[in-house]
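Asker: Can you keep this structure in mind? I'll have questions shortly.
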């Protein structure tokens, strides 16, 4: 179908992704049919306006004619011919033509205007609704993607897929559909008019169509990779802007404005360079298509003048032919120039479908425990983030009892956070297995598995919403009293009292209205409210001052009673009360025991503790 619509310019393979997206418009087929009828009305009135010239010149300025002989017609064609002659006489042949002709012209223009408005409105409406549905599905797909995908894919690329490419694919489709149908109908109608007026001259006009098709094919092939690179560059620019916005404090603190500007300028120059290529091709395409049309028009005028001098055609027919051909020029030009936006549309559709086809996070679990007891075991677990053979965890084995508080300590890169990320399956092991209450976590449904954990990470993320909604995010059915209790447990009563809005005060994008310690405590309150059987605290108290840390530590002590807790900490003073301390290095456990036991061994933990003690003392002295 696409080959016929584009006269062989694009093949079925080019439009595979686009045709897949067109499934989204099926619910609106009635509106599309109505738009097609309106487009047909535009084409019909446009064609008749060209044919309007011949009777205007041949009959409009002559004396009223005698009524046509409407004898009994034999057959459909004769009947239609009688109707046409009767209509022509009613408009052009009577003495009333001084007002019937202008009125008829106004009616034609009004009908064309109504049809044009209807087709434009309906197609735009379908376009907006289709974009909305595709973006909804893309967002739903994004929610199913793995943590690894989000870590490896720049945010600018995701934004480009969901915003730019969706808009380019569907909005261009609406415009192109209108152009292809309306202008093809107009060209077809005008061609019929030309054939009716003078079939010999019409052959010359028809000959320019293959030339225009070859011209469009040339520019399509030339710009395919340029348009694709341009779309990728826009994604890179989105990423640069997002990173600079999110990291504005780092940019300002390290005087990185020049570096940020250089990054942006480099991407911007690439987009400008590619845009120039597209513009040059578009600008060059129009003059060449105009030249072909002008040559055809010149040949037509030459032959028509010769025919007129030899009595083969009337002045009215000649003028109508020229007007029809001139009216044909604009739609032909639109059809000839459609290859570039069509190429953009198809490539954008490829990007959208590629995103929709991204494999979701694997969830082969079938078990759905309501609430686990909290016994955890790691068996021969390996984790490799890269393909160079370096393991984040190497033959890791650990058993954690129900209600036990286990602290993971070690240098950066020793694998502490990897252990925490394995439990909710943010990271998948390369080998080995992990069990909770004797059940392999791979056999538990992801939503049920993650319902067993409350996580507070050192990388706090808060939503641009109120304090109340951010805390309630972990339990949407919680009431104000429960949220207030969680905030109080996280030592945030003073924050509530400081604002007349209390719980419902806005906290800004990612908690921009809060201090670093307050942001951390809001995340802790969110974890407290969830009341999960297993707590994962990844540097949860790293941003708190000493007094706040003491109060929050007390709240966490009460919260972790009869619950399993895994604590990751660099500040070893915060893990002294843990039931067991796991000392890690190079993805392996090298020591474990209570604080007193490890200090008595005078090993690796003691060295880390001494270093941590010196750092703490230095901070307190400062």
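Cβ coordinates come from backbone N, Cα and C, glycine included.
Features from Swiss-Prot:
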| type | residues | note |
| --- | --- | --- |
| TRANSMEM | 32-52 | transmembrane segment |
| DOMAIN | 33-344 | domain 'ABC transmembrane type-1' |
| TRANSMEM | 91-111 | transmembrane segment |
| TRANSMEM | 192-212 | transmembrane segment |
| TRANSMEM | 286-306 | transmembrane segment |
| TRANSMEM | 312-332 | transmembrane segment |
| DOMAIN | 378-611 | domain 'ABC transporter' |
| BINDING | 410, 411, 412, 413, 414, 415, 416, 417 | ATP binding site |
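Distances, neighbours, how buried they are, the whole picture for these features please.
Answerer: Listed as Cβ neighbours of the transmembrane segment (32-52) (distance under 8 Å, sequence separation of 6 or more from its ends, same chain) are residues 25, 105, 108-109, 111-112, 114-116, 118-119, 122-123, 126, 178, 181-182, 185-186, 188-190, 192-193, 196-197, 320, 323-324, 327.
Among residues of the same chain six or more beyond the transmembrane segment (192-212), those with a C-beta under 8 A of the stretch's C-beta atoms are 7, 47, 50-51, 54, 289, 292-293, 295-296, 299-300, 303-304, 307, 313, 317, 320-321, 324-325, 328, 332, 335-336.
If one looks beyond the transmembrane segment (286-306) by at least 6 residues along the same chain, the residues whose Cβ comes under 8 Å of a Cβ in the stretch are 198, 200-201, 204-205, 207-208, 211-212, 215, 313, 318, 321-322, 325-326, 329, 332-333, 336-337.
Sequence-distant contacts of residue 416 (ATP binding site), defined as residues of its own chain at least six apart whose C-beta falls under 8 angstroms from its C-beta, comprise 408, 409, 410, 538, 568, 584.
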Asker: Fewest other CB within 10 angstroms, which one of the binding-site residues 412, 414, 417?
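Answerer: Comparing Cβ neighbours within 10 Å for the binding-site residues 412, 414, 417, 412 has the fewest.
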Asker: Using a 10 angstroms cut-off on Cβ to Cβ distances, just flag whichever of 410, 413 is the loneliest among these binding-site residues.
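Answerer: Comparing Cβ neighbour counts within 10 Å for the binding-site residues 410, 413 gives 413.
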Asker: Neighbours of the ATP site 410, 411, 412, 413, 414, 415, 416, 417: Cβ within 8 Å of the Cβ centroid, same chain, sequence order.
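Answerer: Other same-chain residues with Cβ inside the cutoff are 418, 584, 585.
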Asker: Grab the pLDDT values for the domain 'ABC transporter' (378-611) and give me their mean, rounded.
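Answerer: Mean pLDDT, the domain 'ABC transporter' (378-611): 86.
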